[in-house]
Amino acid sequence: MDSMSMSFGNALSSLQLGSNHGGTINFNSPVILKSLAFPQMLDRRDNIEQCHASTCEWILEMEEYKTWMGSRHGLLWVKGKPGAGKSTLMAFLYEKLEKFPENDQRGAIQLDFFFTARGTELQRTPLGMFRSLLNQIYASDETVRCAVREAYEKRCRLFGHNDEHKWPQKTLEELLTSAILTSANQKQVRVFVDALDETGAESAPQLAAYFHRLSTRAEKEKVSVQICISCRHYPIIASPQAVEICVEDHNRRDIATYIDDVLADMENEEDITETMKEELMKELTGRANGVFQWVHIMLPLLQQRVLDGDSLDEVSSWLNEVPADLEEVYTYILNNVIDERNRGQSFLLFQWLCFAERSLTLTEVRYALVAENTKILLSPKPWEKVEGFVDSDKRMKRKLKALSGGLVEVVSGQEKSDNSAWGFDGPLQLVQVVHQSVNDFLSNKGLELLHLSADKSSSLECDTAPFSKFQATLYRSCLVYFATSNTPRKLTKKQLIQSYPFLAYATENLFIHAEKSAESRIDVLNNEIDTLQRLFDRWLSIHRCFSEESTSQDTFPPLGTKLSHVAALYNLVDVIEWLASNSNDLGSEDSDGNTAFHFAARRGHITVAKILRQNGADCGVKNTKSGKTPLIEAAENGNLEFVEWLLTGGVNLDQAAHDEGSALHAASENGHHAVVTMLLEAGADVNTQGGLFGNALQAATYYGNIEAVQLLLDAGADVNARGGEYGNALQAAARQGNIKVVQLLLDTSANVNAQGGKYGNALQAAARHRNIKVVQILLDAHADVNAQGGRYGNALQASAFNGDTKVVQILLDAHADVNAQGGRYGNALQASAFNGDIKVVKILLDAGADVNSQCATYASALQIASFYGDIEIVQILLDAHADVNAQGGRYGSALQAAESGGRITIVQVLLTAGAREI
């Protein structure tokens, strides 16, 4: 097991067994970790080929690297061509610093995420990265857990507690930023994120911008955050704030070392002379031009030439024929290395590897390569009897080499999966292309070339949308496999997988591939809709069986799901039309209260919605559980054209859902500015009340959507409107620490001392969440430092509970009353004792805090510290003349509190200090 897995496991064990009082560890921690984790989140780094001996060391000597390492904060950008070796270099750096940290950085927190476009959705999207990084820092640092737990509990209150907890990306991003900065205030935090380009052209620049913002904030706040990201030269063009290292400018010696070692292994072969070796190494190194992947592909082909008896001149002549450009090398392999008789199956294999929703196992590939055969439906037979079926994983592994020309590899997946997307126990052998550049090549032109080569009698014309045809192939395979799997009822998940190895994939991705097939579905299967209707109940039952332990956020079909719901969600227009003519369930609800119209609105499928309306569906139908209408669904998801279409039908603009409020609230909260503008122009009430945040302005400010905030203010939103969880927009913005939004609201005459909401006032909200700059802005705007109310009574108690020495000192300097009473913990000293923060306790005592101040729950700070076992705080309080025999509170006295908490050492300390048994 790697060291990251070990540290993660140790942290998890401590979470399960610990019982720290400061709200940092409790029984919920493993549940929260599970809600953030997903089985494959460490797979990519684990499967990166280990760097060759004596390679990658050059980066440690570079001034750019030394500058980055020598600074407490900074951004290092490792960039390079496809195949230059960026991921290997990133894994080398991560492992080097984890195993051999600098002397002054022992105990540093290291976080990592390695994107892979060849993996599951969470492995290739920012959502997966934020979940993984937050999971790691939550497990590593108890000081960040309170905020994450609060966010988790809040969402559970709103949406219920279940295994399908959905974390919005925006929330994760905010929590991760706060957690990193909080941890970095105490220790070094180092973040490694590899292959930003594999998230796509839209997400990569957004993530780069996120890390730039994080680095800038760390520098301004003088905390220790080092960030290292890697990406191709495109789609991130320039990075002016980062220290840059271009891999292909420095890896020539590494490539030469690798070639030399591989050729040395061939020296026992006849005719491999030292001269031949030197000539080959010189030629290969020069032609590689900094691209490790080119060498990695070429050396096995060269080795085979030598084994076949080619001379140096023949090998050199062959090398001159092979292109130096990586994409042209892949073309050469398709045309010259893959045997012509295999190209039909090669074409099918590469379609699966390029367009499958996740990596397939070796076993699944065996079935996928024959499941497309629709003749099986006419003459059912065991799969083992189907022509072309590969009867074992061992033989499939050998066959992959012939089918792929060396462009495919088998890697290990997670040790044991609890995810229905896999459904296998034990180690997984996953099939994937050897490099993302192979996937890019195949998707751009390789598949089309291979198709033409495999079937010279046909062609993929430009106007026939080849990608949809590739998806139709996968859809057909899933449908045929599912239709021919005569599964008995009441089988367990494990029994289903053992009997039907491809059923998990076929079930969970059937309709995903159907949607992506678009117009190409027409050629998939005769009587396709009849088949779907006939099989639907079985599909639903099996899907639910596979999804019982799923960590996926959107794949669990609720009870009562109908084919109309699925067809509306996946834009299967012809299925909806068929159901409109042959069924009466177009308006039925599932157990979550959704109708087909809600699903169409959620995904923006106007054609489906029009058919539903023509057949009597109500455009304003409310979800019976959440209260959402199709307009709210469309607005929440930013489906501008769908919103526009609904508005032409005269829907109620201001109808509110239970928690989300109106459509304007939903669009504002999610930052869909065009939808906000459209709704306002259509006459939506900018000040309508309802939902969790009370009004649209508070929703927009909480999520930091400054453009939406400005649109709402320009439209006449009441900046001091009361209501919602945070009482007013300013408190919501202060809680989130969004400086620009806070300043905009103050400039628009927001009342800095407005009362109400969770924290009573904006200053307490900012203090509770360590938003030091916002605290100062509010104080400069004349916020009342001693304003009472809210969960913590006052801002000083909130910051004392948080253990933030900087905010505590700022508030004291602003004349906060150190002995102010009220709130959950009675006063600031008791809040800091509850949190176990020695530094804050000392600051408060030095500022004149009354060591014997009483409150109802624990009576005194000494009683709190005694119960929770903070021996240092107990001694500090005793030294400050705390009354060791003070009576009151939950436990009666400090001695009784220590006894109740099982704190034997503290009992002795208290007795020595004169405590009396009662």
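FYI, residue positions are counted from 1 along the chain as it appears here.
Placement of Cβ uses the backbone N, Cα and C atoms for every residue, glycine included.
Positions annotated as domain 'Nephrocystin 3-like N-terminal' by TrEMBL: 55-232. Sequence annotations record features per position, and here TrEMBL assigns repeat 'ANK' to 592-624, 626-658, 659-691, 695-724, 725-757, 758-790, 824-856, 857-889.
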Q) What is the pLDDT of the repeat 'ANK' (758-790) when averaged and given as a whole number? A) 96
Q. Excluding the flanking five residues on each side, which residues at least 6 beyond the ends of the repeat 'ANK' (592-624) place their CB within less than 8 Å of a CB in that stretch?
A. 558, 562, 564-565, 567-573, 576-577, 580, 586, 630-631, 633-634, 636-637, 639, 641-642, 645-646, 649, 651-652, 655, 657
Q | Spatial neighbours of the repeat 'ANK' (857-889) far in sequence, C-beta under 8 Å, 6+ residues away | A | 20-22, 825-826, 829-830, 832-834, 836, 838, 841-842, 845, 851, 895, 897-898, 900-901, 903, 905-906, 909-910, 913-916
Q) In the same chain, who gets a Cβ under 8 Å from the repeat 'ANK' (659-691) while lying at least 6 residues past its ends? A) 158, 170, 626-629, 631-632, 634-640, 643-644, 647, 653, 697, 699-700, 702-703, 705, 707-709, 711-712, 715-718, 721, 723-724
Q. Do any residues of this chain, six or more beyond the ends of the repeat 'ANK' (758-790), have a C-beta under 8 angstroms from a C-beta of it, and if so which?
A. 147, 178, 181-182, 221, 725-728, 730-739, 742-743, 746, 752, 796, 798-799, 801-802, 804, 806-807, 810-811, 814-817, 820, 822-823
